[in-house]
Amino acid sequence: MQLKKEISLLNGVSLIVGNMIGSGIFVSPKGVLIYSASYGLSLVIWAIGGIFSVVGALCYAELGTTITKSGASYAYILESFGGFIAFIRLWTSLLIIEPTSQAVIAITFANYLVQPLFPTCEPPYSASRLIAAACICLLTFINSAYVKWGTRVQDVFTYAKVLALIVIIITGIVKLCQGFTINFEDSFQGSSRDPGGIALALYSALFSYSGWDTLNFVTEEIKNPERNLPLSIAISMPIVTIIYILTNVAYYAVLDMSAILASDAVAVTFADHTLGVMSWTIPIAVALSCYGGLNSSIIAASRLFFVGAREGHLPDALSMIHIERFTPVPALLFNCAMALIYLTVEDVFQLINYYSFSYWFFVGLSIAGQIYLRWKEPDRPRPLKLSLVYPIIFCLCVVFLVAVPLYSDTLNTLIGIAIALSGVPVYFLGIHLPESKRPPIITKLLSAITRFTQFTCFYVLTEMDTVD
């Protein structure tokens with residue numbers, strides 16, 4: 001048995017757009033403005049970030065149609081450089097990237113949902129954490145029930161967040177037509193000339209563009225992936241780039257620099273200045289955006305763990321699917337459990353600082369693998385074949401992106417590297433070591449879990465999808 005191909009072109013576009021447009025564009029686009037120090041330069045950096053992300057997404061489109069396995073960078077690194085480096089990538093995602101990002105998104109959703117009830121103070125800690133936990137559990141149930149349920153939820157919430165941003169953009173255009181153009185006069189005045197500051201501004205923009213690889217996590221479930229994967233990317237990336245630039249133009253038309261930099265939620269401040277009695281809709285839009293982003297993150301992460309288990313890098317139980325619903329329920333439940341554990345960490349937002357280096361390192365390594373496979377397997381069928389200029393330029397830029405956190409946030413970056421390297425002994429003891437030499441209690445425990453899962457929950461192991 002295998003996962004069913006149920007993700008259409010429209011679903012693919014919704015997954016990419018829904019994951020890329022999270023809370024960032026509503027809450028904290030000021031990161032780019034802080035380091036660029038001018039409206040004009042900040043818009044240029046948003047455009048550069050969009051172009052860079054388009055190049056990366058196109059490279060992933062070639063990889064996804066050449067290596068038709070789910071798992072995104074994990075699958076591509078495994079194919080190019082072998083199991084050890086792929087496991088370290090998987091271990092980093094399991095231990096820090098996926099559960100941390102999902103916990104943060106869920107908490108942000110909960111805070112914006114209950115904020116109207118506590119207009120003059122922070123929402124209670126326990127209330128926001130319980131709502132966040134309920135959100136994660138509900139989305140896990142939806143995606144466990146049917147793949148179509150998860151994609152329909154994604155479609156609805158993607159439409160909602162795009163509609164909210166269109167409202168902001170139209171409001172900004174109206175203000176510009178009314179003569180609110182003072183912030184765009186001499187818009188490059190005061191621009192930062194510090195290479196380090198410009199680098200950090202670009203890094204902030206690229207953080208908001210992250211998520212363009214979402215569809216590559218579910219390649220095996222896409223209908224006609226040779227067509228729909230690259231087409232979904234080609235449609236999604238310009239949409240997000242244009243929306244981001246126009247949304248920032250709208251913010252700049254209404255708010256001066258001091259107001260933007262002082263705001264904890266720029267979209268909410270914008271709504272307070274322009275939407276009057278309807279300003280309450282924007283916090284709700286932020287919550288909906290977080291909900292949709294969390295859903296796409298859960299879909300992607302569960303497939304990553306599913307593929308990792310199928311490759312023998314995680315327990316076999318996680319590679320099972322329901323015999324009737326064709327959903328990777330054990331992987332979804334495992335992902336849910338990890339996210340719930342991280343909800344108990346009081347300063348979970350601090351954990352985000354640990355994985356910027358690892359994220360870009362493994363993305364760059366995936367695309368370096370694209371170049372390597374061109375040399376190693378030149379005759380391999382490639383439904384989409386880009387000029388080598390694209391992956392080479394992207395890899396050179398990733399060297400810069402990996403160097404930035406080492407320079408600007410050395411301690412947190414070193415902690416992130418240590419977290420990744422903690423997977424080395426796990427790999428050699430649990431995977432590289434022959435099964436006969438592993439502790440018998442571990443082998444028996446994993447076998448018992450697999451049998452229990454099969455016999456009591458109607459799950460079966462899946463076959464490897466080897467179609468290239």
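These residue numbers are counts, starting from 1, taken along the chain as shown.
Each residue, glycine too, has its Cβ placed from N, Cα and C.
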Quiz item: Where Swiss-Prot splits the chain into topological domains, do HIS322 and GLN454 land on the same side of the membrane?
Solution: yes
Quiz item: Any chance the transmembrane segment (130-150) and the transmembrane segment (274-294) have 3 or more Cβ pairs under 8 A, given the pairs are 6 or more apart in sequence?
Solution: yes
Exercise. Any chance you could find the range in 77-97, 162-182, 198-218, 348-368, 414-434 with the most Cβ pairs under 8 Å to the transmembrane segment (41-61)?
Key: 198-218
Quiz item: Are the transmembrane segment (77-97) and the transmembrane segment (414-434) near each other by the rule of at least 3 C-beta pairs under 8 angstroms (pairs 6 or more apart)?
Solution: yes
Quiz prompt | Proximity of the transmembrane segment (198-218) to the transmembrane segment (326-346), 3+ C-beta pairs under 8 angstroms | solution = no
Practice problem: State the non-local partners of the topological domain 'Cytoplasmic' (151-161) in its own chain: residues 6+ outside its ends, Cβ under 8 Å from one of its Cβ atoms. | Solution: 6-8, 10-11, 14-15, 17-18, 21, 139, 142, 285, 288-289, 291-292, 295-296, 299
